[in-house]
Amino acid sequence: IPSVSSIVPESCLLIVVGLLVGGLIKGVGEKPPILKSDIFFLFLLPPIILDAGYFLPLRPFTENLGTILIFAVVGTLWNAFFLGGLMYAVCQLGGPGLNHIGLLANLLFGSIISAVDPVAVLAVFEEIHINELLHILVFGESLLNDAVTVVLYHLFEEFASFEQVTILDIILGFLSFFVVSLGGVLVGVIYGVIAAFTSRFTSHIRVIEPLFVFLYSYMAYLSAELFHLSGIMALIAAGVVMRPYVEANISHKSHTTIKYFLKMWSSVSETLIFIFLGVSTVAGHHYWNWTFVISTLFFCLIARVLGVLVLTWFINKFRIVKLTPKDQFIIAYGGLRGAIAFSLGYLLDYKHFGMRDMFLTAIITVIFFTVFVQGMTIRPLVDLLAVKKKQETKRSINEEIHTQFLDHLLTGIEDICGHYGHHHWKDKLDRFNKKYVKKCLIAGERSKEPQLIAFYHKMEMKQAIELVESGGIGKIPSAVSTVSIQNINPQTLPLERVLPALSKDKEEEIRKILRTNLQKTRQRLRSYNRHTLVADPYEEAWNQMLLRRQKARQLEQKMNNYLTVPAHKVDSPTMSRARIGSDPLAYEPKEDSENLPIITIDPASPQSPESVDLMSEEPKGCSGLPPSPEEDEEGLVMRVKEPSSPGTDDVFTPGNGDSPSNQRMLRCLSDPGPRPEPEEGEPFIPKGQ
């Protein structure tokens with residue numbers, strides 16, 4: 001029923017199914033099964049966490065790691081102690097039914113109910129397609145707060161059996177947080193490296209490659225839980241560490257198997273967890289106390305909102321991309337509780353905690369409220385507030401290349417500034433990874449091959465497979481390389497689609513160029529330091545050479561500016577006749593050339609100055625020397641006099657101090673050159689001469 005699933009989250013529907021099944025089992029006189037904590041923590045939770053850790057979006061996670069840790073550690077501690085302290089006050093004021101509940105029991109209850117649940121967050125946030133930043137903040141918090149929850153839970157459970165709690169016990173409890181969290185991460189890293197190293201030698205047994213991923217991940221979880229370390233953090237660390245190396249070693253089919261088996265396994269676990277929550281609600285023993293349950297629900301919401309507001313105000317002082325009020329609302333509203341809190345409550349011992357049933361009732365109430373009320377209303381609220389949604393399309397290669405380029409650029413800027421930011425350390429880690437780790441954990445040439453070329457090979461393989469499946473080359477794009485179509489008998493193509501054939505040597509040369517030049521990482525260079533610069537013996541000679549070049553260039557520019565005048569705009573014959581008609585005395589014969597004929601131009605004549613053949617005038621004055629008398633006798637010279645009317649031609653108007661020789665030179669330089677005429681050899685005879 002799509003209309004129902006679009007309104008109600010899947011987790012809510014599964015809990016309803018569990019309630020119906022539990023009621024049906026109880027109705028026929030049988031005892032419904034209860035979700036035991038061992039089954040939950042050993043079999044149902046690990047697949048969900050491994051799926052989340054293995055496919056964790058590493059870039060947004062690492063970029064927001066500081067924010068996530070503050071929410072996960074400080075936020076969870078605040079929730080636990082704020083809620084525990086207020087519930088202790090409620091118990092003291094709440095009457096005879098609650099007076100016997102001490103401070104440690106309330107703090108333990110606060111630590112159980114304060115942690116955001118990764119299963120519930122995944123179930124709800126995957127459906128509303130929230131943007132990547134908010135998703136990773138809430139989901140990352142739900143993953144990393146496991147260490148705080150484990151430490152507080154075991155701490156208060158141990159303290160409850162003590163007769164007196166000393167300062168030393170509190171200090172040791174504080175230190176145990178670092179042991180639990182960092183110890184879990186260390187266990188996960190060790191098993192991740194072992195899994196990557198094992199996958200290096202599985203090329204001849206491809207069938208069992210996926211098994212090693214599941215086996216070592218599960219062993220990491222069990223080893224961490226064995227020593228009361230954080231199993232969730234161990235699983236996340238193992239998945240993050242092993243993935244890049246394992247995927248470089250295993251086959252494509254094994255990668256597909258791992259991906260879909262993990263998705264299926266986590267989906268089945270999630271379904272069983274929510275169904276069992278519903279069944280356990282019907283089957284369990286409950287003790288309802290209105291004061292305690294309502295106070296728990298109210299203080300949970302208050303603590304979450306206050307914690308997010310205060311921590312975000314502090315975080316925004318250091319963030320470049322600030323968290324807006326809308327983001328803060330979604331983070332606070334997305335703090336869902338789930339089956340982890342229920343299982344931890346179920347683990348409590350009746351001997352030390354006689355009020356366990358009341359705790360479980362309050363925990364189930366909070367879970368149902370957050371999953372049903374908040375889970376159902378968060379999608380309409382996201383639409384109402386116009387919160388940015390996640391982009392469904394994958395990033396293009398262009399975006400990938402520009403992202404890497406900007407990373408290298410920012411790393412270089414940090415190096416020059418001497419600022420050791422996260423780009424600097426990321427670059428150091430990448431270099432160490434490429435230089436040492438990849439050679440040990442990745443087999444063959446893949447350890448040296450850049451990602452861009454690996455992607456190029458992958459595209460080749462994909463196109464070749466498509467080509468074989470389609471049975472020919474007719475539908476393949478024209479840009480496909482010839483490597484993809486070797487040993488395949490193609491169908492005959494139209495002539496315009498025929499691909500150019502490359503020889504083997506040429507192809508190998510292209511591959512070599514790609515391998516050596518594409519995505520070449522920044523080479524190790526000495527850091528810039530103005531105090532340790534060594535004088536270059538050739539520096540003075542270089543400076544002299546540069547100065548000489550600069551002077552020569554300036555001189556050349558001055559000569560160009562002096563010699564060059566803009567060519568006059570060619571007028572139409574009608575405009576030229578009009579100009580000459582307005583001032584026929586603008587052109588006069590030279591004073592010193594008595595033997596030259598005088599040309600008279602009739603303004604009404606179709607002839608115009610543009611029709612004069614100027615080929616014989618071209619050599620004159622171009623060399624910068626004064627013209628010889630022979631040249632004067634051969635050519636036809638026009639001299640410009642002072643303009644006598646506003647209509648005078650501006651192009652031939654001389655400036656003050658211009659000599660006839662300068663005019664001739666400028667006219668020669670501005671002349672566009674000869675234009676071929678039908679009869680070039682004939683002399684020009686103007687009308688009326």
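Every residue, even glycine, has its Cβ placed from backbone N, Cα and C.
Per TrEMBL, these features apply:
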- 504-531: coiled coil (COILED)
- 8-382: domain 'Cation/H+ exchanger transmembrane' (DOMAIN)
- 479-566: domain 'Sodium/hydrogen exchanger regulatory region' (DOMAIN)
- 585-689: region 'Disordered' (REGION)
- 6-25: transmembrane segment (TRANSMEM)
- 37-56: transmembrane segment (TRANSMEM)
- 68-91: transmembrane segment (TRANSMEM)
- 103-124: transmembrane segment (TRANSMEM)
- 136-156: transmembrane segment (TRANSMEM)
- 168-198: transmembrane segment (TRANSMEM)
- 218-241: transmembrane segment (TRANSMEM)
- 262-284: transmembrane segment (TRANSMEM)
- 290-316: transmembrane segment (TRANSMEM)
- 328-347: transmembrane segment (TRANSMEM)
- 359-382: transmembrane segment (TRANSMEM)
Quiz item: Looking at the stretches 68-91, 136-156, 328-347, which one shares the most CB pairs under 8 Å with the transmembrane segment (168-198)?
Solution: 136-156
Quiz item: Between the stretches 68-91, 262-284, 290-316, 328-347, 359-382, which wins on the count of C-beta pairs under 8 angstroms to the transmembrane segment (37-56)?
Solution: 262-284
Quiz prompt | Per Cβ pairs under 8 Å, the stretch of 6-25, 68-91, 103-124, 218-241 packing most closely against the transmembrane segment (328-347) | solution = 103-124
Self-check item: Any contact, the transmembrane segment (6-25) to the transmembrane segment (262-284), with at least 3 Cβ pairs under 8 A
Solution: yes
Quiz item: Near the transmembrane segment (262-284), which same-chain residues lie under 8 Å Cβ to Cβ, leaving out any that are not at least 6 residues past its ends?
Solution: 11, 14-23, 25-26, 31-35, 40, 43-45, 47-48, 50-52, 54-55, 119, 122-123, 338-339, 342, 346, 357, 360, 364, 367-368
Quiz prompt | Non-local residues, at least 6 beyond the ends, that sit with Cβ under 8 Å of the transmembrane segment (68-91) | solution = 61, 98-99, 101-103, 106-111, 113-116, 136-137, 140-141, 143-145, 147-149, 152, 291-292, 295-296, 299-300, 303-304, 306-308, 311, 314-315, 331
